Every structure is written in C-alpha cells, then in structure tokens.
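Quick notes on the structure that follows.
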Amino acid sequence: MFNMPKNFTSTTTTTLSPDYYVLQDYEYEEDIYKIVFNISTRTNLSLQIATLLVNLLHLFVLLRKELRSFAIYIFMIGICISDILTNSLDFTNAAAEIMWIPILFSGSGEMSCLREDYLEINIGGQLVNTFLDISRRLSVWLAILMASIRLLTVIFPMSRRVQNISKPKGAVITLIICIAFWVVFCTWQFALYRVFWLPDNPSRICLGMFKNLITPRYVLAAPESLPGAMSHWGFIEVIMKFAAAIIYPFLTISLLMALRTVKKKRQNLQKKDSDSSDNTTILILFMTITFMLSEGFAGVEALLLYNIERILRKNEDLGNAILAAQYPISILRTVNALSHPFVCFLLSSQYRDAVRGIFVGKRKVKKTEFTRSTSNIRSKATTTTTSF
C-alpha cells in the first residue's frame, strides 16, 4: 500500500518564519487530499470494527453442522475467515498509522549495521503484510471459484466431475488447493532470505564509525537487489488484480444467460425446488456483483499505481488524486465483507434456520420445520384434489 505523499502531512513550527503564510497557503491547497485520507481512514476503521464483530458471528453460524455439509457454505467459511484476517490485520496497520494504537512492529529504531549487499527485514511487519496479502487474495478468488462452480453446475448438470467438485469433499479439496497456491505466490521470495549473525557480518560504516551499534543478534535479511526484482513482479500483481475485475462481470453475465436457458427447461419441476435453486443463485450473484464493484475499482487503482511515477511527473495533481483514491476504495472492500452475513441471512433459508437454531433452540426449530412440512403436504393434497 502506498503512503500519502510527504506534502500531505503538515509540519508544525514553534516560531513564525517569514514563509509561514506561504506555507499555510500551500497546506490549504493540499487540504483536499488530507481530508480524503483522514475521513476515509477513520470511516474504514470504524467499519472494520463492525465487520470483525459481525463476521465472527457469521463464522459461528457457518460452522454449524447443517451448513458445513454444503459446498457453497464451505467456500463461505473460507471467505469469512479471510475477511476476518484481512480486516483485523489492515486495522492494525491503519490504526497505527493515524496513532489510534501503538505501532506493533516498529523495528529497533537504530541504523542497521548489516553488510551492504543485504537489507534487514522486520520479521513482525513482514509476517503481518504477508498474511494480509494472502487473506485478501483468498477472499477474492474463493468468491470467483464459488461463482465458477455454480456456473459449471448450471451448464453441465449431468457431469460427474462437476458434481464431485460441487460436493463438500470437492469443495474442501478446492479450498486447500487455492490456499496453497496463494501461500506459494505470496511467499516465494522467502527462499532468498538469509539469517546472519550480526557481529560476523557488519557493514563497513558501522565497523569504522559506529562499532557501539553492533550488538550480538541474529538478523533476517533479503538481498539488496530483491526490491528491484519485486518491482517487476508488481506487473504480475496488476494483472492478477485486473483479471479479477474482468472475470467477475464475465461470470455474472454467463451465469445469467445460462440460467435464462435452463429456466425454460425447468417449467415441469416443482416450484419449491426452483425457488431454492434461484435463492442459491441470487446469493452467489449478489456476492459476485459486490465483489465486482470493490475489486473492479481496486484493479483499476492497481494499474494506475503501477505507473504512478510517470503520472506524477506529467501531472502531479492527478497523481496525488490517484494516491488518495486508494483510501475510499478500501471502504468498498470493507463494506463488501460486512455485507456477506446479511446477504446470507436474507437469501438463504438454511442460514436462517441455523441462526434460529442458535438463538431459539433445536426443538422449536424442528417443530417449526414439521409444521411447515405438514402445511406443504396439505396444500399439495388440496391441489391434487382440486385438479382431479
């Protein structure tokens, strides 16, 4: 994540210099970006607190036996855990940035005395950022997989392979493969890291002028050339984010077209079955659309940020606006994660029954289900009698 440009932060002085009023006018011109940053960050932090609380309850419901035996809810469990990790880690970073909480992994605060061809790594900060990257990507691509599998089941309803993937066992295997892929994708550079015993690998500056800073300790380090290599890897990051923004609308349109075709063939099926299938489809479609909105803007933003240096050279105001836009976009991602439990409750009768089983009790839920099934049987009998 890019930080706000240095001219976004105001400096305080104890004495009024002759340039004070010029500096004041300059800060006033840049206030729009500071306002966007402050309002967006604080709004997002408040929403993240609500998202964490709601999704913890959401996870508790999803882990119930009556839900985790369905493939769609297995994917929802993965998305929910990813959302919890993403928002908690992102909250830690952003809250520390505006000094709501202390910085957890600020480093030693001293000059690194490690040899010049390696860069010292802040282990805590590296772990937080790595888990944040993995969880954020998992949330996006699990939603894509869920929509893709739903599309395949609609297009190929008789395929054994598709049916196996859509079963709980197939969903678990797909979930594990997806997690493994993104773990490798986000951690491959760790193979280049090395651990040094600092007194044996000091820099020439510390060895000559700052020997008192050389303290015996192990240091995790990366090659000095790695940041340059990672800048080229950043183009692949842009492709991955932009691909997600393109795949979402493609899946949505394809699923709608497939459902329109299948709907004509389902006219002889019972209304209850079609309603249940439609609710599941609406649930996936709604999640796909909300992901498309949040990740679509994020994909465009990633493409612009990849070229931010060129944009700043040509038009500084436009570059600053792009840098500031990432903060409102982060609100869309948080709102997307916050909406999942409410969408499940509104569109899934199985989810509502699971919630009712927690707060009402299993016996009352069973009585309600028995009464509901009895009334359905009576209505079917009445319909059959009248038709004859």
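The backbone N, Cα and C atoms fix where each Cβ goes, glycine too.
What TrEMBL lists as transmembrane segment is 45-63 (among others). Within the same chain, residues 73, 76-77, 80-81, 83-84, 87-88, 90-91, 94-95, 98, 100, 331, 334-335, 337-338, 340-341, 344, 351, 354-355, 358 sit at least 6 positions outside the transmembrane segment (45-63) and bring their C-beta atoms closer than 8 Å to a C-beta of that stretch.
Annotated domain 'G-protein coupled receptors family 1 profile' per TrEMBL: 54-344, in sequence order. The average pLDDT for the domain 'G-protein coupled receptors family 1 profile' (54-344) in the predicted structure is 82.
The transmembrane segment feature in TrEMBL is assigned to 70-89 (among others). Within its own chain, the transmembrane segment (70-89) is flanked in space by residues 48, 51-52, 55-56, 58-59, 62-63, 128, 131-132, 135-136, 138-139, 142-143, 145-146, 149-150, 165-168, 170-172, 175, 178-179, 280, 283-284, 333-334, 337, 340, 344, 350-351, which lie at least six positions past its ends and keep a Cβ under 8 Å from the stretch.
Look at TrEMBL and you will find 138-158 (among others) tagged as transmembrane segment. Here the transmembrane segment (138-158) has long-range neighbours at 71-72, 75-76, 78-79, 82-83, 86, 165-166, 171, 174-175, 178-179, 182, 244, 247-248, 251-252, 254-255, 258-259, 262, 280-281, 284-285, 287-288, 291, 295, 337, meaning same-chain residues at least 6 beyond its ends whose C-beta is under 8 angstroms from one of its own.
If you look up TrEMBL, you'll see 170-191 (among others) marked as transmembrane segment.
Look at TrEMBL and you will find 238-259 (among others) tagged as transmembrane segment. Residues of the same chain lying 6 or more positions beyond the ends of the transmembrane segment (238-259) and with a Cβ under 8 Å from any Cβ of it are 137, 140-141, 144, 147-148, 150-151, 154-155, 281, 284-285, 288-289, 291-292, 295-296, 298-300, 302-303, 306.
Here TrEMBL flags 280-306 (among others) as transmembrane segment.
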